[in-house]
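Undergrad: One structure follows; several queries about it will come next.
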């Protein structure tokens, strides 16, 4: 139950502004989003299918890549279908419950991706810097526990932040200046104090964006130092090719997240926010499968085998 004074009305649904202030772009954006969504789904489903069906890809690196692909599907699916509805309809409304559900899945998948990128960086660190202990340090049991841990910790983070959002009162304007339910624009609409929400968002940002980013950089710092000390040019090349695809994904994901979130509520800029969230919620999940498959000979081999078995 929400405490509301008699002359206030409770908002039961929000209007997603989306890209309605640029009507001329709606057809172009619909085409873009539809093709990106199709590519993201296809690419990530192919990765999951490849990893589960090819015995050559049953190593920790691909197990975590499979988890990343699953989170990519959840991330794009929580954002794009609703954004497409908004582009094709006059007014895009979303119920309060629907809004909170979308917020939960977005926070869950977004924070899981950051933790998974850190785990994948550690996996590469062990593989390259402590290769003799790799099988004991990255046992299948441990990988399973880590994956369950990532999903659970991030679900808890999403639950706390979404739960705090449901405690707020919304009684005035109901237009969310975004194409999905996001914390900053929602806080701007609330007519109750949002200090606790802001603090918890900051705590989550420091943990996910700050600490994880630091750990990921640390892993890659050690890896690069180790590669530089390698004697053989072939070994250097091989070690670097495995890591370069990871580095591209990490750089792409973190730069877009930093752009989107490292700005306090007072300086929230709807236009900039829309652009940067497209980068991490739409473009990143679409490009991840491409980057990992095109730059990886094991995945290419597995793909080749599958195509060969279809053509016979």
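Quick reminder: no glycine exception, Cβ is built from N, Cα and C everywhere.
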Undergrad: Tell me which of 142-160, 161-179 corresponds to the transmembrane segment entry in TrEMBL.
TA: 142-160
Undergrad: Do any residues, 6 or more residues outside the transmembrane segment (206-228), come within under 8 Å Cβ-to-Cβ of it, and if so which ones?
TA: 111, 114-115, 117-118, 121-122, 124-125, 128-129, 157, 236, 239-240, 243, 246-247, 250, 254, 257-258, 261-262
Undergrad: Averaging the per-residue pLDDT over the domain 'G-protein coupled receptors family 1 profile' (43-292), what integer do you get?
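TA: The answer is 87, the mean pLDDT of the model over that range.
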